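Trainee: Dropping the structure in here first, questions after.
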């Protein structure tokens, strides 16, 4: 074959191969799957210049095959020819064998093994000599070039291929490219032209010619900086080079190569020691050797060969002998110097001996104390009282309104349907808090209750009115404790399976407390006795003594008197005599024993009540009928009418959850008492328990104070009482009651096991209880309170050792009874009165709950056990005035034992009852098991599956919901009559999407926490994904296919239902407001806040080493205060700072702002899909903004931002996102890190600008040319942004805008806010017992500054018309936005002004009568009139059009195109008519109130939608938790409402979101706005859960209610958001429910929109889930939607729109310019006019009608004006409304063309019928009067044409004569 043929064939083959290569897909994924999965290849070698495919294979293995390989024991090796040559060829360096350890060579050390090329070598042994030198080669230009590029890109050398140019490597980042080129210029002096376009290898080769082989300025500077910042102190550049030379034998050129490589492997932080530094250098050196192909040898060892530098081993003894004299000399010198300085060198040892002796003595005392008291006692007496931690609850006025509102909605939603005990109880609680504010509030809601909505509303109105009347009656009456709950009894059941269950069931015999009191008074059979029997028996003894009296001495006379007294006592039912008579000889108590001892005639039978009082007699405490009667009367009265404790001060201990004391406490605060209650377990949970109790039960005038307290501590006892009586620093109370119920259990301790806990319990229940009373007595005496003794309710017990096994419990209780005698014998009776209460069996308490199961059996014996409510009722009865008065005369002993004392051997009885129950249970369980076994044998093992209980656990269903669309008939249609067509939708601004990044993740997860206080399962899954705890896996896992969530750390599969239990604790700990986590803020720890302090050096310092450049800089700064000298060996310099030089020394300040709201730990922008190179370049807040933008669009259902350009031009998408500060991390770097000379990116300045974040949004997502406005309003930025965006859209400058705000948390801002005293001091808060989550408490009494936070919030807003056209969801209407400043600051120049300027939103000066413009019906009449005028103008213009064309034709040349002129003019007329109509809508609908001093902006904005100021249901407050802001802001809102005439009692519900999120500054208003949009959609108003006690100052703001819990309403119409920022920024936004927008449409338009929204929601749902799975919620755009050559055309033509490219399926602008829109309706109209003008003897009639002007819902109108055939035709049309309008227009046009006289505007047009011919064209048929009039006028024929546009119908009729 000839050469030329071969050459041709070769060329053809090459072309074909290349074509095949380029045309075919690469299919790397499939290729790798074949190699790795099917072939299971273990060794892969890449041949090529760089490790490209190998890197790809490694990533694939890590993501897909790592677990698979581990399970199948496959070990793979990925090698690359350019760096793994030795491994590929198995060319391993030989290793010398070490001599055996048993025969060491004394003269030589073993040679160190040769280091593997890629492994870090250990430090050399001390005796090792220098390594063999390696041939030195200087670095090349390409080495430096590649290193500088890699270092700037933060990549390894392997990731910077030499075949690529700088332009390719930077990925289009021009700033980064400029930095690299600048570095190259600094390094090499000059560079070739356009070096960025030249591949690195070629660029390096071109610069090699002029390269001198030395490191340049840039590389030297980078190396010097790396060494100084990352090497340990003292290990300088000289040390580094010396080590590389001695350890590895590298010359200066090779050293340069190693150091260049080190620049791309720089440690993350400074290395800790020289050993670490050497290990790091060894690692770098080995990698350098591998890449350079250098064989490094180990250091040469010294030995017999006497190699150069060999080491010598010396005998340690010889060294010791050699240095002995030196050490002795040093010691002598030290002693001489010590004597001179008069120092005792042994002083420390002497002091140590003395301290040891003292320590032994002290330890002996401690050991003795410990041995005597024990550990439990020692820890149990530690004081815990701290008045700083006191919680004061007294805002009953606010909770009353909250409870009333909740009750109102409970009735409306059917949760309360009948007036049961619970409703009555709620009503009583509300009545107890009755006040004028509450009455007005309730009256408004009842007066405006829409009863037409259903029965529940009617019920709410009826019950509400009754409650109002009841509240009015008790307005001046003291609050009372009145329990209306049904008394309950114990019930224990055992089911067929043997399961024991206990519950409280209503007692059938006692339906209310009145019945309960009656039963208690009646007693029972067990407490019966016969008084006649006792009298008879005693009289027998008397008679016997009388008969013997003459033989008795005087002592017998005394015995007679005693017996006589016993008879008297018997007549008074002396209990002490009854018990031995009935129970003395038998263990069986009750009726039977009594019967056996009575005669045939038992006499009168009486009973002792179950609750009774005793009186002290010589025989002890005896039942007293009179006192008992007083007590029972009191309890009966309390059950009927209640019991008041108004004005009483009470001290309670032992009132924990589930205790009797807690129930007593509820009764006291229900009755209006002021109570201080103590808790030994002070925590947030405990204070929340008491706060919830007060919010529920606290009556008017009541107060609850909760303090930490340990009754085991004497110090606490004294401090507590002092706090109560201290008028300056304490409460300043005088106690009326002391209820010391504190106790600890001692179960299981018999007499031989009295331990440390028993002693502590005895101390608590006896010793310190007496101390407590003594302290009260002391304080009363000190303050002179002798006439107001405090009643002490002593908690006595019937257990006097009866039960046993309870340590010193019974002794403690029994010893309290001594107080009955001490009251007489001691001198404190004027200050304290005693009422001992023997507390009976109370079910459910901590002490007795274990006995609940036997309570029913015990009651069957005729005694009574009590519920906690019943026992509390009994005790509260003892605190009634009547019993208090008795106590002031004598101590009172109350037996509340329920008859238990009549049961002998109670413990044995309980044991038998418990045994019987357990035996029954065991038998039934055994029977059930046997039955199951038998069933399985007979029917098979699986036969019982259908009968087993299976709990179905719900799976996570992460929804992506759009706002609920209202029902047309129920919600929209009632509004449609007034609102239809009343606004210009192009001037209405709506919110179509919103998003946020904040401490609680995103807007969805934040709303869950805000509205419900907890995360759902779905919320936990999303939060776990956000925090990087889980990730989605789709592929093989452990040898099986798996698709689902896996743990991000372990890779273990995680079922979605397990996410909440597994991760929720971690999620809650690392979200929200919490202690600052240093890892989120580059190590910032407020406990060690770094500051710099300048000092002047007093002595010359030791020299250190630096580069020449650095040394010269030191010299330049310090002058003669510094000495620098060159080191000849290395070219480095030594630097010595001399006396007088200044230094900045770091110091650590313990800063007190330790808490902040922080984004969730683990939040990572890359998880959303943002590329790593963007993350590394931009400020963190930019990432917040980018994520928010993507999520806001997704919230609007927009999955591709270029979709906007299908509907609007590029110039109509705007960005108004702003910030208070901007990129704080970059600002910090620019000012602080640059000052510290830390390495920073060169373009850091641009990343700090506030508008840079918006620029990134446009560069990566939007590619728009619309308006960009960047508000800076500090804390009000987000609302100011909404204001700017709103105005931008209304002014027509944009149709779509992104609005919102962002800000970060940074230590500098935190410090300066603290200096202003604006933020919450965490140390103070901790001292007050607050947790981080409680530190932001808006509106509370204890609010103490705002809590900083970080994040971004955003909304996507657009015109309503565009939203309807696109079919995006509408979350709300923006009705009004305003901003305002404040007054002059001359007296107090305060930048954070009080915000009163926002009052101007309500500015108006109305006349005597309201403006008619506020009446929407008036405005509709005006609009209809204006529309009629516009129609008439349009008709006239169309009629004149032919004449105008003729005139133009006469004036123009022959080229004049009449048809085109007519078309354009007709289109202009149509556009102008539409414009005029929209202007009319705008002026009479949207804008009528502007510039009118009689109408406030707020009132006008509401009236636009047919609403009033009364329809603002919710106000979201800036609410920063500062003392001034919360008060001022409430005042502003309240004044606005009052000025605008809001109805009395109509209080808005306040939302204070910052309790949860903290204050993010710029993002604050956006988060609040998002929350309000969620309120609009759900109707649920979230409460301020940290509002434990609303400040009393807020009570005067009667137009605001401050909820602390979420309230589900029946719908919210409108909301207000207020925001205030430093710099006198005040802002307010009014938002309205979107149903009012839908009411401006007709039903067909609404249904069409609804269909589009539903389709968009499905698309968004799919995109969202794909984003979670694939980390692709954010997808950056790589290019604009147009080609470069199209740019100017697209920019300059406003009609350009994108369309889907059929090849790429991308949205792009077409290469052809858009054609002018031709209106078909205009064309038809012109044709009709032309025909009419061409016809002689004719008359034209033109009519224009708005499509929605014909009311086809009015059947009378349709019947009068349309024939049946017309009606049938129109109703079958696609749009009946348009068809009817067209027919009506045609009728009007025909009438005008006839030229006959009119019968008036109300005349029917049925006689003019518009039919259709065979082709569907309209035909005129005249009937009746119309036909007669036409005939009379000489009309021969009438024709008509009808055309439609989007909004109107045009008809042209021609009558021929």
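Backbone N, Cα and C atoms are what each Cβ position is placed from, and that goes for glycine too.
Checked Swiss-Prot, it gives:
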type     : residues  : note
ACT_SITE : 1275      : active site, for beta-ketoacyl synthase activity
ACT_SITE : 1518      : active site, for beta-ketoacyl synthase activity
ACT_SITE : 1559      : active site, for beta-ketoacyl synthase activity
COMPBIAS : 102-119   : compositional bias 'Low complexity'
DOMAIN   : 1092-1633 : domain 'Ketosynthase family 3 (KS3)'
REGION   : 96-132    : region 'Disordered'
REGION   : 577-604   : region 'Disordered'
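I would like each feature placed in context: is it buried or exposed, what are its neighbours, and how far apart are things?
Mentor: In sequence order, 1220, 1518, 1520, 1559, 1561, 1562, 1564, 1619, 1620, 1621, 1622, 1625 are the residues near residue 1275 (active site, for beta-ketoacyl synthase activity), counting only same-chain partners six or more apart with C-beta under 8 A.
When secondary structure is read from DSSP and collapsed to three states, residue 1518 (active site, for beta-ketoacyl synthase activity) falls in the coil class.
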Trainee: CB neighbours of residue 1559 (active site, for beta-ketoacyl synthase activity) within 10 A?
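Mentor: If we count other Cβ atoms within 10 Å of residue 1559 (active site, for beta-ketoacyl synthase activity), we arrive at 31.
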Trainee: On the three-state reduction of DSSP, what should I expect for residue 1559 (active site, for beta-ketoacyl synthase activity)?
Mentor: strand
Trainee: Suppose we draw a 10 Å sphere around the Cβ of residue 1518 (active site, for beta-ketoacyl synthase activity). How many other Cβ atoms does it contain, all chains included?
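Mentor: Other Cβ atoms within 10 Å of residue 1518 (active site, for beta-ketoacyl synthase activity): 31.
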Trainee: Per DSSP, to which secondary structure element type does residue 1275 (active site, for beta-ketoacyl synthase activity) belong, with helix, strand and coil as the options?
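Mentor: Looking at the DSSP assignment, residue 1275 (active site, for beta-ketoacyl synthase activity) belongs to a helix.
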Trainee: I'm checking region-level scores; what's the whole-number mean pLDDT for the domain 'Ketosynthase family 3 (KS3)' (1092-1633)?
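Mentor: The answer is 91, the mean pLDDT of the model over that range.
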